[in-house]
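Student: Sharing a structure here in structure tokens format.
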Amino acid sequence: MLKRFVNSIWEICQKDKFQRFTPVADAIDTFCYEPIHQASSPPFIRDAVDIKRWMMLVVIALFPATFLAIWNSGIQALVYGSGNAQLMEAFLHISGFRSYLSFIFNDIGMFSVLWTGCKIFLPLLIISYTVGGACEVLFAVIRKHKIAEGLLVTGILYPLTLPPTIPYWMAALGIAFGVVVSKELFGGTGMNILNPALSGRAFLFFTFPAKMSGDVWVGSNPTHIKDSLLTMNATAGKSIIDGFSQSTCLQTLNSTPPSVKRIHVDAIASNILHMTHVPTQNVIESQFSIWTESHPGLLLDKLTLEQLQSFVTSPLSEGGLGLLPTQFDSAYAITDVIYGIGKFSSGNLFWGNILGSLGETSTFACLLGAVFLVITGIASWRTMVSFGIGAFVTAWLFKICSILIAGKHGAWAPAKFFIPAYRQLFLGGLAFGLVFMATDPVSSPTMKLAKWIYGLFIGFMTIIIRLINPAYPEGVMLAILLGNVFAPLLDYFAVRKYRRRRI
């Protein structure tokens, strides 16, 4: 029956006035059955797997990230939008799988989470495929070429890079830009220089920055979430320093001014975590001994929040740490990121129980996809490994150089340089970009040496943008797009080196 339906479409398109729609019939036939034509442009597959099946393998690899995008967006919308401070406290203090499952089944409900998450993610997915597909069909009809299968991957990658609160018309505009400008204008699938999904996100990021950053990471109605957080903070008596918020790790990192030093963070951590030794302990104790002359009987690890703020913001001449009073909340927030306190714990970052773009939060889900892509030979493990090495080494060098240059274990170096290098791999969209974006076979290099250099370059630029550039909290998107631009050049020099070695 399906074959008869496809044949009937072919018969209709054979008529003169419908011949321009032949690419549509060909696309339907190719989607349902094996294509009858050979690939004329890259990527070329030298086995029985055609491009459609090859693209479907990438979609399968995205299943874990897609499921967790639905799950996390659902539970976060329910908790943050509940207006219940006790529910929020219970959610933020989950410490293991047993307590997490207990929270889900006793306080929220599994089906409520899935239903809420589907209402957030599925409309964006439908818009992505519908608008992107319409653009593909339009260009195929006008140019009289076949409709390629590239949209199968682009259509699901794109919504996974968006915040859940993005307006639908903006999502449609972004995918249209990605398909038309970054792909079709270059000749279609296999000819594009830039990753179409990332290009669409970059277009939205620079055109509508207020909708792509800030308090946009929970639910589908930012106003409702904001009112709910205000209600919860008022009920729990929270201040701006320790109150509930939508801040992400990278937003906290980006908003931390250079005047917040490592010694400020270490002093706060020693109080919160009751640590007996932090890297700058000697400098802190030296200052604290002077400060306690006017505040007798106080212990560093037993200060109240007001006393801690007084110590950290008092002038150096009085035994304080010299932080501006208006920047104490920034120092308090970055302490959670550096030391993995509360919602920014390493476990939450790895498993994905954090705020962020829909598909980027879970490093675990991305690793599952990476294993599948490497085993099937779809993605290059060289690009993944070199990307991770480049990011890790760059973050580690920032820390080491800060210690060597500033002295005293980097006490007076900017605090943002001391995030553990391994935690940089869990933050933001690094894992998602490493697995699914940087390994795009069309916009990434093809030579082995070029792949190593390409990955190292992207990892290096990601950390540079995160730590140095004050305008952009996340560097993965810009780093990958910049790497795409240099990919042909890297391949060119890699080929020259290979030829010289052969000679």
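Note: Cβ is positioned from N, Cα and C throughout, glycine not excepted.
Residues or ranges marked as transmembrane segment by Swiss-Prot on the basis of sequence analysis: 55-75, 120-140, 161-181, 186-206, 361-381, 387-407, 417-437, 452-472, 475-495. Annotation source Swiss-Prot lists FMN phosphoryl threonine at Thr248, citing sequence analysis.
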Student: Before we move on, state whether the transmembrane segment (387-407) and the transmembrane segment (417-437) share at least 3 Cβ pairs under 8 Å, counting only pairs 6 or more apart in sequence.
Tutor: yes
Student: Find the member of 55-75, 161-181, 452-472 that has more C-beta pairs under 8 Å to the transmembrane segment (361-381) than any other listed stretch.
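Tutor: Stretch with maximum Cβ contacts: 55-75.
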Student: Out of 55-75, 161-181, 186-206, 417-437, 475-495, which stretch has the largest tally of CB pairs under 8 angstroms to the transmembrane segment (120-140)?
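Tutor: Counting Cβ pairs under 8 Å, the winner is 161-181.
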Student: With H, G and I counted as helix, E and B as strand and the rest as coil, say where DSSP puts Thr248 (FMN phosphoryl threonine).
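Tutor: In the DSSP reduction, Thr248 (FMN phosphoryl threonine) maps to coil.
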Student: Who are the long-range neighbours of the transmembrane segment (161-181) in its own chain, taking Cβ under 8 Å and residues 6 or more past its ends?
Tutor: 73, 77, 120-121, 123-124, 127-128, 131-132, 135-136, 139, 151, 154-155, 196-201, 203-204, 208, 211-212, 216-222, 357-360, 429, 432, 477
Student: Test of understanding: applying the rule of at least three C-beta pairs under 8 Å (pairs 6 or more apart in sequence), is the transmembrane segment (55-75) touching the transmembrane segment (475-495)?
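Tutor: Answer no, regions not in contact.
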Student: Give me the long-range Cβ neighbours of Thr248 (FMN phosphoryl threonine): same chain, 6+ apart, Cβ under 8 Å, in sequence order.
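Tutor: For Thr248 (FMN phosphoryl threonine), the qualifying residues are Trp217, Ile354, Leu355, Gly356, Gly428, Pro473.
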Student: State the residues, same chain only, that lie 6 or more residues beyond the ends of the transmembrane segment (186-206) and have a CB under 8 A from a CB inside it; answer 'none' if no residue qualifies.
Tutor: 41-43, 139, 145, 148-150, 153-154, 157-158, 161-162, 166, 170, 173-179, 212-213, 437, 440, 442-443, 477-478, 480-481, 484-485, 487-488
